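Novice: Structure below; questions to follow.
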Amino acid sequence: MPELPEVEVTRRGIEPFVAGRRVERVDVRTAMLRWPVPAGFAEMLRSREVLRVERRGKYLLFEVDAGWFIVHLGMTGTLRVLPNDAPPPAPAKHDHVDWIFDEFVLRFRDPRRFGAVLWHPRDAGDVHAHPLLASLGVEPFSAAFSGALLFGRTRGRTVSVKQALLAGDIVVGVGNIYASESLFRAGIRPTTAAGRVSLPRYERLADAVRATLADAIERGGSTLRDFVGSNGESGYFQLDCFVYDRAGEPCRVCGAPIRQIVQGQRSTYFCPNCQR
């Protein structure tokens, strides 16, 4: 599943192409995604100029003068920039939506159709008040994200610290791979109750989350089976993981075998020696 680094890599790859360019037309081939593509979506965007592309959590927000179209990649979705030949490149089975510009096509592909393409009109207020965005936690690269925030929001919580990171109500974008890697960097065992982690340890964890996500973005995102960047190249952060998907292999710091457990139906990896 594309997480924050994959979505940010996609945003950075796409924005230079689309910002300041007009959508000539939109072809919606499959309206039934996770939520239906709004009726009249293609007509609403015809001849609209894309002003900018933002990211909120795992949502991409494309601003035009009349509002925003919102794209969520779901579990297997990708956005690709393709040359706009005459005619445009023929769509494949899972290519559901095309935004056609003068020189290129922005194509949304999603084999499992858990992604979404939505519309938020400007007269409905700021896009960040959209029901899917309003309850999200803070951005990990924002000034609001800190060890003090993690500490304060987890007092009395018995859920594990890893599950608290994944929940998304405190901080967004820390998916399964990045939670395991961040906890390793911070030296915190993932099974520790969130409410029992001290403020100094949460300060280390906040720093580790930012560093882990920044490294992933720099390296192009994780090599998830279904993730492909906007230029068609797979990311490769997973090749540098300290613990994720390395069960039984020696820890790169101390040499102890990496352990694998299941938390909330997801695999967790940690070093029993480095993480306490």
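Each Cβ is built from the backbone N, Cα and C atoms, and glycine gets one as well.
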Novice: Between 67-101, 242-276, I'd like to know which one Swiss-Prot lists as zinc finger.
Specialist: 242-276
Novice: If you count Cβ atoms within 10 Å of the Cβ of E3 (active site, proton donor), leaving out that atom itself, what do you get?
Specialist: 24
Novice: Under a criterion of Cβ-Cβ distance under 8 Å and sequence separation of at least 6, what residues of the same chain contact R157 (DNA binding site)?
Specialist: A164, A193, A194, G195
Novice: Could you say which of the recorded positions K58, H94, R112, R266 has its Cβ with the most other Cβ atoms inside 10 Å?
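Specialist: Per the Cβ count within 10 Å, the most buried is K58.
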Novice: Please state whether DSSP places P2 (active site, schiff-base intermediate with DNA) in a helix, a strand or coil.
Specialist: coil
Novice: Restricting to the zinc finger (242-276), what is the model's mean pLDDT?
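Specialist: The average pLDDT of the model in the zinc finger (242-276) works out to 97.
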Novice: Among the recorded positions H94, R112, R266, report those whose Cα falls within 10 Å of that of K58 (active site, proton donor); none is a fine answer.
Specialist: none
